[in-house]
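K.L.:
I have a structure I would like to understand better, so I am pasting it below and will then ask my questions one at a time.
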(Lines of atoms letter the chains of each structure in order from A and count residues from 1; the text may use other names and numbers.)
(Lines give C-alpha, C1' and ligand atoms only; values in the text may rest on other atoms or scores of the structure.)
Protein backbone atom coordinates (compact mmCIF):
# COMPACT_ATOMS: atom_id res chain seq x y z
CA UNK A 1 0.00 0.00 0.00
CA UNK A 2 1.49 3.28 -1.16
CA UNK A 3 0.26 6.56 -2.55
CA UNK A 4 0.91 7.67 -6.12
CA UNK A 5 0.36 11.19 -7.45
CA UNK A 6 1.03 12.77 -10.84
CA UNK A 7 0.20 16.08 -12.46
CA UNK A 8 0.82 17.09 -16.07
CA UNK A 9 0.45 20.50 -17.74
CA UNK A 10 -0.18 22.77 -14.76
CA UNK A 11 1.68 26.06 -14.24
CA UNK A 12 0.84 26.29 -10.54
CA UNK A 13 3.69 26.63 -8.07
CA UNK A 14 5.61 23.68 -6.75
CA UNK A 15 4.50 24.64 -3.25
CA UNK A 16 0.82 24.29 -4.18
CA UNK A 17 1.40 20.94 -5.89
CA UNK A 18 3.63 19.69 -3.09
CA UNK A 19 0.98 20.59 -0.51
CA UNK A 20 -1.70 18.70 -2.44
CA UNK A 21 0.50 15.64 -2.80
CA UNK A 22 1.06 15.61 0.96
CA UNK A 23 -2.64 15.07 1.67
CA UNK A 24 -2.05 11.36 0.97
CA UNK A 25 0.91 11.02 3.35
CA UNK A 26 -0.99 8.42 5.42
CA UNK A 27 -0.70 5.95 2.53
CA UNK A 28 3.09 5.87 2.79
CA UNK A 29 4.46 6.88 6.19
CA UNK A 30 7.97 5.50 5.56
CA UNK A 31 9.22 7.75 2.76
CA UNK A 32 8.13 10.52 0.38
CA UNK A 33 9.57 11.84 -2.87
CA UNK A 34 8.39 14.66 -5.16
CA UNK A 35 10.08 15.05 -8.57
CA UNK A 36 9.97 16.78 -11.92
CA UNK A 37 10.17 14.75 -15.11
CA UNK A 38 12.90 16.84 -16.67
CA UNK A 39 12.22 15.88 -20.29
CA UNK A 40 8.54 16.94 -20.10
CA UNK A 41 7.24 20.43 -19.32
CA UNK A 42 5.15 20.78 -16.16
CA UNK A 43 5.26 17.06 -15.34
CA UNK A 44 5.40 16.23 -11.63
CA UNK A 45 5.38 12.87 -9.85
CA UNK A 46 5.07 12.11 -6.14
CA UNK A 47 5.26 8.88 -4.19
CA UNK A 48 4.39 8.01 -0.59
CA UNK A 49 5.95 4.70 0.39
CA UNK A 50 5.01 2.04 2.90
CA UNK A 51 7.95 -0.39 2.94
CA UNK A 52 6.62 -3.91 2.46
CA UNK A 53 8.61 -5.40 -0.43
CA UNK A 54 11.97 -4.35 -1.87
CA UNK A 55 13.37 -2.47 1.13
CA UNK A 56 15.58 0.45 -0.04
CA UNK A 57 15.47 -0.66 -3.67
CA UNK A 58 11.73 -0.15 -3.87
CA UNK A 59 11.70 3.63 -3.64
CA UNK A 60 9.99 5.52 -6.45
CA UNK A 61 9.65 7.29 -8.86
CA UNK A 62 11.68 4.48 -10.41
CA UNK A 63 14.08 4.82 -13.33
CA UNK A 64 16.50 2.22 -14.67
CA UNK A 65 19.90 2.86 -16.17
CA UNK A 66 19.08 0.53 -19.05
CA UNK A 67 15.74 2.31 -19.69
CA UNK A 68 16.40 5.99 -18.86
CA UNK A 69 13.43 7.24 -20.88
CA UNK A 70 10.93 5.48 -18.62
CA UNK A 71 9.70 6.52 -15.17
CA UNK A 72 7.34 4.49 -12.98
CA UNK A 73 5.21 5.14 -9.95
CA UNK A 74 3.25 2.12 -8.76
CA UNK A 75 1.13 1.19 -5.78
CA UNK A 76 1.01 -2.57 -5.79
CA UNK A 77 2.50 -6.03 -5.42
CA UNK A 78 3.35 -8.19 -8.42
CA UNK A 79 3.12 -11.80 -7.25
CA UNK A 80 4.56 -13.35 -10.41
CA UNK A 81 7.53 -10.97 -10.53
CA UNK A 82 10.18 -13.69 -10.17
CA UNK A 83 8.50 -15.91 -12.73
CA UNK A 84 8.40 -13.10 -15.30
CA UNK A 85 11.97 -12.11 -14.55
CA UNK A 86 13.20 -15.66 -15.21
CA UNK A 87 10.94 -16.29 -18.22
CA UNK A 88 12.15 -13.21 -20.11
CA UNK A 89 15.69 -13.03 -18.64
CA UNK A 90 15.21 -9.48 -17.41
CA UNK A 91 18.24 -7.87 -15.73
CA UNK A 92 16.94 -6.24 -12.57
CA UNK A 93 18.59 -3.21 -11.01
CA UNK A 94 16.63 -3.28 -7.75
CA UNK A 95 14.92 -5.66 -5.33
CA UNK A 96 11.49 -4.22 -6.10
CA UNK A 97 8.78 -6.45 -7.54
CA UNK A 98 7.38 -3.41 -9.37
CA UNK A 99 10.50 -3.09 -11.51
CA UNK A 100 9.19 -5.86 -13.76
CA UNK A 101 6.52 -3.45 -15.05
CA UNK A 102 9.16 -1.28 -16.74
CA UNK A 103 10.84 -4.27 -18.38
CA UNK A 104 7.49 -5.61 -19.62
CA UNK A 105 6.50 -2.23 -21.03
CA UNK A 106 9.81 -1.96 -22.86
CA UNK A 107 9.36 -5.42 -24.36
CA UNK A 108 5.60 -5.57 -25.04
CA UNK A 109 4.26 -2.02 -24.95
CA UNK A 110 1.23 -0.74 -23.09
CA UNK A 111 -0.49 -4.12 -22.61
CA UNK A 112 1.62 -4.82 -19.54
CA UNK A 113 -1.26 -5.60 -17.21
CA UNK A 114 -2.25 -8.70 -19.21
CA UNK A 115 0.89 -10.41 -17.93
CA UNK A 116 0.70 -9.36 -14.31
CA UNK A 117 -0.59 -11.43 -11.42
CA UNK A 118 -1.03 -9.02 -8.58
CA UNK A 119 -2.71 -5.86 -7.41
CA UNK A 120 -1.57 -2.56 -8.84
CA UNK A 121 -2.20 0.99 -9.92
CA UNK A 122 0.64 2.51 -11.90
CA UNK A 123 1.74 5.39 -14.08
CA UNK A 124 4.48 5.00 -16.70
CA UNK A 125 5.95 8.17 -18.22
CA UNK A 126 7.64 7.48 -21.56
CA UNK A 127 9.64 10.55 -22.58
CA UNK A 128 10.84 8.94 -25.81
CA UNK A 129 7.27 8.52 -27.10
CA UNK A 130 6.03 11.50 -25.08
CA UNK A 131 3.13 9.61 -23.57
CA UNK A 132 1.71 8.54 -20.22
CA UNK A 133 0.28 5.07 -19.55
CA UNK A 134 -1.98 4.40 -16.56
CA UNK A 135 -3.39 1.05 -15.46
CA UNK A 136 -5.20 -0.49 -12.53
CA UNK A 137 -5.87 -4.06 -11.40
CA UNK A 138 -9.17 -5.67 -12.31
CA UNK A 139 -11.01 -5.00 -9.07
CA UNK A 140 -9.39 -1.71 -8.09
CA UNK A 141 -7.83 -3.22 -4.98
CA UNK A 142 -5.16 -0.59 -5.48
CA UNK A 143 -7.10 2.59 -6.26
CA UNK A 144 -6.46 5.07 -9.02
CA UNK A 145 -8.32 8.26 -9.95
CA UNK A 146 -7.59 10.25 -13.06
CA UNK A 147 -8.95 13.23 -14.95
CA UNK A 148 -8.13 15.02 -18.20
CA UNK A 149 -9.16 18.60 -18.99
CA UNK A 150 -10.06 20.05 -22.38
CA UNK A 151 -6.77 21.97 -22.24
CA UNK A 152 -4.78 18.75 -22.06
CA UNK A 153 -4.01 18.89 -18.38
CA UNK A 154 -4.04 15.57 -16.56
CA UNK A 155 -3.92 14.31 -13.00
CA UNK A 156 -3.59 10.85 -11.46
CA UNK A 157 -3.74 9.96 -7.77
CA UNK A 158 -4.51 7.14 -5.34
CA UNK A 159 -7.09 9.21 -3.49
CA UNK A 160 -9.16 12.01 -4.92
CA UNK A 161 -8.30 14.32 -2.02
CA UNK A 162 -4.76 14.46 -3.41
CA UNK A 163 -5.87 16.57 -6.38
CA UNK A 164 -9.31 17.89 -5.45
CA UNK A 165 -7.97 21.44 -5.82
CA UNK A 166 -7.24 20.84 -9.51
CA UNK A 167 -10.32 18.80 -10.46
CA UNK A 168 -13.12 20.71 -12.16
CA UNK A 169 -15.18 17.69 -13.19
CA UNK A 170 -15.65 14.27 -11.61
CA UNK A 171 -12.64 12.02 -12.17
CA UNK A 172 -12.76 8.51 -13.54
CA UNK A 173 -11.21 5.43 -12.04
CA UNK A 174 -8.16 4.21 -13.93
CA UNK A 175 -8.34 0.89 -15.75
CA UNK A 176 -11.39 -1.32 -15.39
CA UNK A 177 -10.92 -4.62 -17.25
CA UNK A 178 -13.99 -6.80 -17.68
CA UNK A 179 -13.91 -9.59 -15.10
CA UNK A 180 -15.08 -11.98 -17.81
CA UNK A 181 -11.70 -11.49 -19.46
CA UNK A 182 -9.82 -13.14 -16.61
CA UNK A 183 -7.75 -16.21 -17.44
CA UNK A 184 -9.95 -19.20 -16.68
CA UNK A 185 -9.08 -22.59 -15.28
CA UNK A 186 -10.48 -25.56 -17.22
CA UNK A 187 -14.17 -25.76 -16.18
CA UNK A 188 -14.37 -29.45 -17.09
CA UNK A 189 -12.39 -30.45 -14.02
CA UNK A 190 -14.90 -32.12 -11.68
CA UNK A 191 -13.13 -32.11 -8.31
CA UNK A 192 -14.47 -28.71 -7.37
CA UNK A 193 -13.80 -28.98 -3.62
CA UNK A 194 -10.12 -29.80 -4.09
CA UNK A 195 -9.61 -27.09 -6.69
CA UNK A 196 -11.30 -24.48 -4.52
CA UNK A 197 -9.14 -25.43 -1.53
CA UNK A 198 -5.94 -25.47 -3.60
CA UNK A 199 -6.60 -22.16 -5.36
CA UNK A 200 -7.63 -20.47 -2.13
CA UNK A 201 -4.51 -21.71 -0.35
CA UNK A 202 -2.34 -20.50 -3.24
CA UNK A 203 -4.08 -17.12 -3.19
CA UNK A 204 -3.25 -16.66 0.48
CA UNK A 205 0.32 -17.93 0.16
CA UNK A 206 1.32 -15.58 -2.66
CA UNK A 207 0.02 -12.66 -0.58
CA UNK A 208 2.50 -13.39 2.20
CA UNK A 209 5.12 -11.57 0.11
CA UNK A 210 6.40 -9.10 2.70
CA UNK A 211 9.26 -8.49 5.09
CA UNK A 212 6.84 -6.74 7.48
CA UNK A 213 4.63 -8.61 9.92
CA UNK A 214 1.43 -10.10 8.52
CA UNK A 215 -1.84 -10.20 10.46
CA UNK A 216 -5.50 -10.79 9.67
CA UNK A 217 -8.83 -9.16 10.30
CA UNK A 218 -11.15 -11.69 11.93
CA UNK A 219 -14.86 -11.00 12.19
CA UNK A 220 -15.75 -14.59 13.03
CA UNK A 221 -17.59 -15.05 9.76
CA UNK A 222 -16.72 -17.67 7.15
CA UNK A 223 -14.59 -15.49 4.87
CA UNK A 224 -12.22 -13.84 7.33
CA UNK A 225 -11.96 -17.06 9.33
CA UNK A 226 -10.81 -19.10 6.34
CA UNK A 227 -8.27 -16.45 5.34
CA UNK A 228 -6.91 -16.11 8.88
CA UNK A 229 -6.65 -19.88 9.32
CA UNK A 230 -4.82 -20.47 6.03
CA UNK A 231 -2.52 -17.53 6.74
CA UNK A 232 -1.65 -18.90 10.19
CA UNK A 233 -1.02 -22.35 8.72
CA UNK A 234 1.26 -21.08 5.95
CA UNK A 235 3.24 -18.82 8.26
CA UNK A 236 3.93 -21.78 10.56
CA UNK A 237 5.02 -23.87 7.57
CA UNK A 238 7.49 -21.10 6.68
CA UNK A 239 8.99 -21.30 10.12
CA UNK A 240 7.68 -17.97 11.36
CA UNK A 241 7.94 -18.21 15.14
CA UNK A 242 5.64 -15.32 15.99
CA UNK A 243 1.98 -16.34 16.03
CA UNK A 244 -0.21 -14.48 13.59
CA UNK A 245 -2.01 -11.52 15.11
CA UNK A 246 -5.77 -11.48 14.50
CA UNK A 247 -8.11 -8.58 15.16
CA UNK A 248 -11.83 -8.35 15.85
CA UNK A 249 -14.00 -5.39 16.83
CA UNK A 250 -17.42 -4.91 18.33
CA UNK A 251 -19.48 -3.50 21.16
CA UNK A 252 -20.42 -5.60 24.17
CA UNK A 253 -22.32 -8.83 23.32
CA UNK A 254 -21.32 -8.53 19.66
CA UNK A 255 -21.88 -11.89 17.91
CA UNK A 256 -18.82 -11.24 15.72
CA UNK A 257 -16.49 -10.85 18.69
CA UNK A 258 -17.74 -14.07 20.28
CA UNK A 259 -17.35 -16.03 17.04
CA UNK A 260 -13.91 -14.55 16.29
CA UNK A 261 -12.70 -15.60 19.74
CA UNK A 262 -13.55 -19.22 18.94
CA UNK A 263 -11.64 -19.09 15.66
CA UNK A 264 -8.62 -17.45 17.28
CA UNK A 265 -8.45 -20.22 19.89
CA UNK A 266 -8.72 -22.83 17.14
CA UNK A 267 -5.91 -21.42 14.97
CA UNK A 268 -3.80 -20.38 18.00
CA UNK A 269 -3.41 -16.75 16.99
CA UNK A 270 -2.37 -13.82 19.13
CA UNK A 271 -5.84 -12.37 19.22
CA UNK A 272 -6.79 -8.74 19.84
CA UNK A 273 -10.36 -7.77 20.67
CA UNK A 274 -11.18 -4.11 20.19
CA UNK A 275 -14.26 -2.89 22.02
CA UNK A 276 -15.83 0.40 21.05
CA UNK A 277 -18.80 2.25 22.44
CA UNK A 278 -21.55 3.73 20.28
CA UNK A 279 -20.25 7.17 21.29
CA UNK A 280 -16.74 6.34 20.03
CA UNK A 281 -18.15 5.16 16.71
CA UNK A 282 -20.23 8.30 16.33
CA UNK A 283 -17.24 10.52 17.14
CA UNK A 284 -15.28 8.85 14.33
CA UNK A 285 -18.07 9.36 11.78
CA UNK A 286 -16.91 12.54 10.06
CA UNK A 287 -13.22 11.64 9.90
CA UNK A 288 -14.21 8.25 8.47
CA UNK A 289 -16.21 9.89 5.68
CA UNK A 290 -13.21 12.08 4.85
CA UNK A 291 -10.92 9.05 4.72
CA UNK A 292 -13.45 7.11 2.62
CA UNK A 293 -14.28 9.75 0.03
CA UNK A 294 -17.77 8.25 -0.07
CA UNK A 295 -21.25 8.99 1.23
CA UNK A 296 -22.78 5.62 0.37
CA UNK A 297 -24.84 4.55 3.38
CA UNK A 298 -23.78 0.92 3.71
CA UNK A 299 -20.14 1.80 3.02
CA UNK A 300 -20.06 4.45 5.75
CA UNK A 301 -21.77 2.19 8.28
CA UNK A 302 -19.29 -0.65 7.76
CA UNK A 303 -16.26 1.61 7.52
CA UNK A 304 -16.49 3.10 11.00
CA UNK A 305 -15.61 -0.12 12.89
CA UNK A 306 -12.97 -0.93 10.26
CA UNK A 307 -11.50 2.56 10.62
CA UNK A 308 -11.37 2.14 14.41
CA UNK A 309 -9.76 -1.30 14.32
CA UNK A 310 -7.20 -0.11 11.79
CA UNK A 311 -6.28 2.74 14.10
CA UNK A 312 -5.85 0.26 16.93
CA UNK A 313 -3.59 -2.00 14.84
CA UNK A 314 -1.43 0.93 13.78
CA UNK A 315 -1.05 2.34 17.30
CA UNK A 316 -0.67 -0.87 19.30
CA UNK A 317 1.03 -3.54 17.16
CA UNK A 318 3.85 -4.07 14.68
CA UNK A 319 1.58 -5.69 12.08
CA UNK A 320 1.53 -3.78 8.80
CA UNK A 321 0.13 -6.20 6.20
CA UNK A 322 -3.48 -7.17 6.91
CA UNK A 323 -5.30 -10.13 5.36
CA UNK A 324 -9.02 -9.69 4.72
CA UNK A 325 -11.98 -11.76 3.55
CA UNK A 326 -13.26 -9.06 1.19
CA UNK A 327 -14.73 -10.17 -2.11
CA UNK A 328 -16.14 -13.52 -1.03
CA UNK A 329 -19.72 -12.28 -0.68
CA UNK A 330 -19.72 -10.82 -4.17
CA UNK A 331 -18.03 -13.84 -5.74
CA UNK A 332 -19.77 -16.63 -3.84
CA UNK A 333 -23.19 -14.95 -3.52
CA UNK A 334 -22.94 -14.54 0.23
CA UNK A 335 -25.33 -11.67 0.77
CA UNK A 336 -28.66 -12.68 2.30
CA UNK A 337 -30.63 -11.20 -0.60
CA UNK A 338 -29.18 -13.79 -2.99
CA UNK A 339 -31.78 -16.16 -1.53
CA UNK A 340 -34.32 -14.08 -3.45
CA UNK A 341 -32.69 -14.38 -6.88
CA UNK A 342 -35.30 -15.19 -9.56
CA UNK A 343 -33.00 -17.70 -11.28
CA UNK A 344 -29.37 -18.92 -11.25
CA UNK A 345 -28.72 -16.76 -14.33
CA UNK A 346 -29.96 -13.62 -12.56
CA UNK A 347 -27.82 -14.48 -9.54
CA UNK A 348 -24.79 -14.90 -11.79
CA UNK A 349 -25.39 -11.51 -13.42
CA UNK A 350 -25.73 -9.84 -10.03
CA UNK A 351 -22.58 -11.51 -8.69
CA UNK A 352 -20.52 -10.29 -11.64
CA UNK A 353 -22.00 -6.80 -11.37
CA UNK A 354 -20.95 -6.62 -7.73
CA UNK A 355 -17.44 -7.77 -8.57
CA UNK A 356 -17.14 -5.16 -11.32
CA UNK A 357 -18.22 -2.39 -8.94
CA UNK A 358 -16.24 -3.50 -5.88
CA UNK A 359 -13.90 -0.53 -6.21
CA UNK A 360 -16.85 1.75 -5.45
CA UNK A 361 -17.92 0.01 -2.25
CA UNK A 362 -16.28 -2.81 -0.24
CA UNK A 363 -12.84 -2.59 -1.82
CA UNK A 364 -12.98 1.18 -1.35
CA UNK A 365 -13.91 0.67 2.30
CA UNK A 366 -11.06 -1.72 3.07
CA UNK A 367 -8.45 0.32 1.22
CA UNK A 368 -9.30 3.72 2.67
CA UNK A 369 -10.02 2.53 6.22
CA UNK A 370 -6.69 0.73 6.49
CA UNK A 371 -4.63 3.17 4.40
CA UNK A 372 -5.73 6.04 6.62
CA UNK A 373 -3.58 4.41 9.31
CA UNK A 374 -0.62 3.30 7.22
CA UNK A 375 -1.67 -0.35 6.81
CA UNK A 376 -1.80 -2.51 3.70
CA UNK A 377 -4.78 -4.78 3.13
CA UNK A 378 -4.70 -7.94 0.98
CA UNK A 379 -7.75 -9.83 -0.29
CA UNK A 380 -7.09 -13.47 -1.32
CA UNK A 381 -10.71 -14.06 -2.41
CA UNK A 382 -10.10 -11.61 -5.28
CA UNK A 383 -7.16 -13.57 -6.65
CA UNK A 384 -7.43 -13.87 -10.45
CA UNK A 385 -7.03 -17.63 -10.60
CA UNK A 386 -9.49 -18.22 -7.76
CA UNK A 387 -12.12 -15.84 -9.17
CA UNK A 388 -11.73 -17.27 -12.68
CA UNK A 389 -12.21 -20.85 -11.54
CA UNK A 390 -15.12 -20.05 -9.25
CA UNK A 391 -16.98 -18.14 -11.96
CA UNK A 392 -16.38 -20.97 -14.44
CA UNK A 393 -18.53 -23.29 -12.33
CA UNK A 394 -22.27 -23.57 -13.12
CA UNK A 395 -24.35 -20.73 -11.73
CA UNK A 396 -26.69 -23.23 -10.10
CA UNK A 397 -23.81 -24.50 -7.94
CA UNK A 398 -22.83 -20.99 -6.82
CA UNK A 399 -26.28 -19.88 -5.66
CA UNK A 400 -27.62 -20.55 -2.11
CA UNK A 401 -28.56 -24.22 -1.92
CA UNK A 402 -32.05 -23.97 -0.46
CA UNK A 403 -32.74 -27.69 -1.03
CA UNK A 404 -29.73 -28.60 1.13
CA UNK A 405 -29.88 -26.39 4.23
CA UNK A 406 -30.77 -22.89 3.07
CA UNK A 407 -27.29 -21.55 3.74
CA UNK A 408 -25.54 -19.11 1.43
CA UNK A 409 -22.04 -19.86 0.04
CA UNK A 410 -22.70 -23.59 0.29
CA UNK A 411 -20.12 -24.43 -2.38
CA UNK A 412 -17.37 -22.58 -0.54
CA UNK A 413 -18.34 -24.01 2.84
CA UNK A 414 -18.60 -27.59 1.65
CA UNK A 415 -15.17 -27.35 -0.01
CA UNK A 416 -13.56 -26.92 3.41
CA UNK A 417 -15.88 -29.27 5.29
CA UNK A 418 -13.97 -31.97 7.16
CA UNK A 419 -10.61 -30.16 6.98
CA UNK A 420 -10.74 -28.89 10.60
CA UNK A 421 -9.25 -25.65 9.32
CA UNK A 422 -11.81 -23.66 11.31
CA UNK A 423 -14.47 -24.82 13.80
CA UNK A 424 -17.44 -26.50 12.12
CA UNK A 425 -19.90 -24.11 13.75
CA UNK A 426 -18.02 -21.19 12.16
CA UNK A 427 -17.73 -22.92 8.80
CA UNK A 428 -21.53 -23.17 8.67
CA UNK A 429 -22.33 -19.92 10.50
CA UNK A 430 -24.86 -18.01 8.44
CA UNK A 431 -24.09 -14.61 6.98
CA UNK A 432 -23.85 -11.64 9.36
CA UNK A 433 -22.97 -8.35 7.68
CA UNK A 434 -19.91 -6.72 9.25
CA UNK A 435 -21.73 -3.47 10.04
CA UNK A 436 -24.45 -5.51 11.81
CA UNK A 437 -22.30 -8.15 13.50
CA UNK A 438 -20.28 -5.60 15.50
CA UNK A 439 -23.38 -4.92 17.61
CA UNK A 440 -26.02 -7.06 19.28
CA UNK A 441 -29.20 -8.14 17.53
CA UNK A 442 -31.20 -6.16 20.07
CA UNK A 443 -29.74 -2.86 18.87
CA UNK A 444 -28.02 -2.85 15.50
CA UNK A 445 -25.26 -0.42 14.53
CA UNK A 446 -27.41 1.17 11.85
CA UNK A 447 -30.14 1.85 14.43
CA UNK A 448 -27.61 3.52 16.74
CA UNK A 449 -26.47 5.75 13.88
CA UNK A 450 -29.99 6.60 12.81
CA UNK A 451 -31.03 7.53 16.35
CA UNK A 452 -28.06 9.88 16.64
CA UNK A 453 -28.54 11.47 13.22
CA UNK A 454 -32.29 11.93 13.68
CA UNK A 455 -31.62 14.70 16.18
CA UNK A 456 -29.16 16.44 13.83
CA UNK A 457 -31.31 16.63 10.67
CA UNK A 458 -34.70 18.32 10.74
CA UNK A 459 -37.74 17.13 8.84
CA UNK A 460 -37.61 20.38 6.89
CA UNK A 461 -34.05 19.68 5.73
CA UNK A 462 -35.07 16.26 4.50
CA UNK A 463 -38.06 17.75 2.68
CA UNK A 464 -35.67 20.10 0.82
CA UNK A 465 -33.21 17.32 -0.06
CA UNK A 466 -34.37 17.03 -3.67
CA UNK A 467 -33.94 20.76 -4.17
CA UNK A 468 -30.45 20.84 -2.60
CA UNK A 469 -29.22 17.48 -3.93
CA UNK A 470 -30.81 16.72 -7.31
CA UNK A 471 -28.19 14.04 -8.02
CA UNK A 472 -28.77 10.92 -5.89
CA UNK A 473 -31.26 12.72 -3.69
CA UNK A 474 -30.93 11.40 -0.10
CA UNK A 475 -34.16 9.71 0.97
CA UNK A 476 -33.41 9.37 4.69
CA UNK A 477 -31.91 11.59 7.35
CA UNK A 478 -28.97 9.20 7.64
CA UNK A 479 -28.23 9.44 3.92
CA UNK A 480 -28.63 13.21 4.01
CA UNK A 481 -26.18 13.56 6.90
CA UNK A 482 -23.54 11.50 5.10
CA UNK A 483 -24.04 13.47 1.88
CA UNK A 484 -23.88 16.79 3.67
CA UNK A 485 -20.71 15.78 5.48
CA UNK A 486 -19.11 14.52 2.26
CA UNK A 487 -19.83 17.76 0.37
CA UNK A 488 -18.58 19.88 3.27
CA UNK A 489 -15.19 18.22 2.77
CA UNK A 490 -15.05 17.68 -1.00
CA UNK A 491 -17.68 19.96 -2.52
CA UNK A 492 -20.65 19.05 -4.68
CA UNK A 493 -18.57 18.59 -7.83
CA UNK A 494 -17.27 15.23 -6.55
CA UNK A 495 -20.67 13.80 -5.60
CA UNK A 496 -20.70 11.77 -8.82
CA UNK A 497 -17.79 9.71 -7.53
CA UNK A 498 -20.56 7.43 -6.24
CA UNK A 499 -22.75 6.63 -9.28
CA UNK A 500 -25.43 4.84 -7.24
CA UNK A 501 -26.28 3.77 -3.70
CA UNK A 502 -25.64 0.16 -2.69
CA UNK A 503 -28.91 -1.67 -1.95
CA UNK A 504 -29.95 -5.34 -2.00
CA UNK A 505 -31.72 -6.58 -5.13
CA UNK A 506 -35.05 -8.42 -5.42
CA UNK A 507 -36.23 -7.44 -1.92
CA UNK A 508 -37.86 -4.02 -2.24
CA UNK A 509 -35.84 -2.89 0.77
CA UNK A 510 -34.81 0.75 1.14
CA UNK A 511 -32.16 -0.09 3.74
CA UNK A 512 -28.93 -2.00 2.99
CA UNK A 513 -28.81 -3.81 6.35
CA UNK A 514 -29.35 -7.57 6.11
CA UNK A 515 -31.17 -7.45 9.45
CA UNK A 516 -34.21 -5.79 7.88
CA UNK A 517 -34.68 -8.65 5.39
CA UNK A 518 -37.31 -11.29 6.05
CA UNK A 519 -34.89 -14.17 5.34
CA UNK A 520 -32.58 -12.97 8.12
CA UNK A 521 -35.43 -13.06 10.62
CA UNK A 522 -36.36 -16.68 9.80
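Along the chain as shown, the residues are counted starting at 1.
Heads up, the Cβ atoms here are built off N, Cα and C, so glycines get one too.
Automatic prediction, not curation, is the source of TrEMBL annotations.
Taken from TrEMBL, the feature domain 'Glutamine amidotransferase type-2' applies to 2-193. Residues annotated as active site, for GATase activity in TrEMBL: 2. TrEMBL lists 97 with the feature L-glutamine binding site. Positions annotated as ATP binding site by TrEMBL: 217, 249, 324, 325. Annotation comment: TrEMBL describes 326 as site 'Important for beta-aspartyl-AMP intermediate formation'.
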K.L.:
What is the interatomic distance between the Cα atoms of residue 324 (ATP binding site) and residue 2 (active site, for GATase activity), given in whole Å?
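P.N.:
It is 18 Å, counting Cα to Cα.
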K.L.:
Just give me the nearest neighbour of residue 249 (ATP binding site) among the recorded positions 2, 97, 326, Cα to Cα.
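P.N.:
The answer is 326.
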K.L.:
Going along the chain, which residues six or more apart from residue 217 (ATP binding site) have their CB under 8 A from its CB?
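P.N.:
Those within reach of residue 217 (ATP binding site), by Cβ under 8 Å and sequence separation of 6 or more, are 224, 228, 246, 247, 248, 306, 309, 322, 323, 324, 325.
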K.L.:
Return the residues near residue 326 (site 'Important for beta-aspartyl-AMP intermediate formation') by Cβ distance under 8 Å, restricted to its own chain and a separation of at least 6 in sequence.
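P.N.:
Once residues fewer than 6 apart are set aside, residue 326 (site 'Important for beta-aspartyl-AMP intermediate formation') is near 223, 358, 362, 363, 366, 377, 379, 381, 382.
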K.L.:
List the Cα distance (Å, whole number) between residue 97 (L-glutamine binding site) and the residue listed as 'active site, for GATase activity'.
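P.N.:
Given the Cα positions, residue 97 (L-glutamine binding site) is 14 Å from the residue listed as 'active site, for GATase activity'.
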K.L.:
Please give the maximum pairwise Cα distance, in Å and rounded to a whole number, for the ATP-binding set 217, 249, 324, 325.
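P.N.:
Largest pairwise Cα separation, rounded: 15 Å.
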K.L.:
Summarise the model's confidence over the domain 'Glutamine amidotransferase type-2' (2-193) as a mean pLDDT value.
P.N.:
89
K.L.:
Including all protein chains shown, what's the count of other C-beta atoms within 10 A of the C-beta of residue 249 (ATP binding site)?
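P.N.:
Residue 249 (ATP binding site): 28 neighbouring Cβ atoms within 10 Å.
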